[in-house]
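Enquirer: Just dropping this structure here.
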DNA sequence: ACGAAACAGTACGGCACCGTACCGTTCTAT
DNA sequence: ATAGAACGGTACGGTGCCGTACTGTTTCGT
């Protein structure tokens, strides 16, 4: 009665976890280009031989580590679209200020510009990040709160775009006043 | 009657131009991490010795090359704020599709996240890029087309953010319909 | 208890890169 | 014309990195 196709060996899980944790740390600290297998091995205490036993290449390790950036998305339900949007954007603003992935994401975006595998990974990550926004808009459409001829992805861009812009390009803050301005503009 | 503090030697100007051109080419093709002094030397035909005679380090060369990304900004004057915004955004959408800097900019954004010098360079570049948008908004404020209590930078974020979002994050197109949606939302 | 699998340690080979030193040649400014 | 600057070519030292081979040890599953 063995577990079918899963990795069950405790040693494997422990090694993998340690390697991924250290890879993640270097990823956040130095970006994709700053992750080195030698250093991951040195600091995590897992020998390089073992690392290459679990991942075929540095690239595979990076993609594996990046894929774990997305947290479980939460879709609020305050009753009104504006309330939901404000909640989501407030959370997003806080994440952009504090969360680890905020400093890694530009690295991924840059790499996705030239690497096909990372590009598909980024697409999946993006989909995960945007899912809650799509959800509240679709729900509002069903309730008639948003005209059906509004393209969902356009509304998402109107809501999220300004925040990404502020965090990574303009490097300005995002206070409640800004959140309100974005919500009012996008959900006019 | 010598030129005061300028570099006048034709050889110097020629070498510098060749090196910068090749650096720019590699920058566009492979991003910041993909620029190597050895390869710039090999392809441009300018010896490495000469390169290091003009720039103290690879980093200095990169910053010099990146600084030249910004084109001369054009501020349209169609008579109405909406017209100006549509013109600027249409031009921006086209640039994001075709211009060279569109593929380099994520590299700069990523590097600016961790390198102080590149960060100030990016800030200057950003200011240059956003200047036309600020100009048309300030002008509209003066004409009473936009309430004075609207923060200019907020409006810029509402206008430009969605386009950057589409180009680099969502990787979707930006047609005229999208442009109109953004303009109507931001300048409500 | 025992066979098999995972592990650490180490040492490589190969590559790409940065930055410098040296030397002989070419070109510019005056 | 000539001094001096800029240049090309080459070679080198040092570093960091990726991925592999080999050897012995530990640990898991049964």
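Placement of Cβ uses the backbone N, Cα and C atoms for every residue, glycine included.
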Enquirer: Suppose you had to name the range TrEMBL annotates as DNA-binding region; which of A:16-35, A:36-55 would you pick?
Expert: A:36-55
Enquirer: Could you pull the average pLDDT for the domain 'HTH tetR-type' (A:13-73)?
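Expert: Summarising the domain 'HTH tetR-type' (A:13-73) by its mean pLDDT gives 95.
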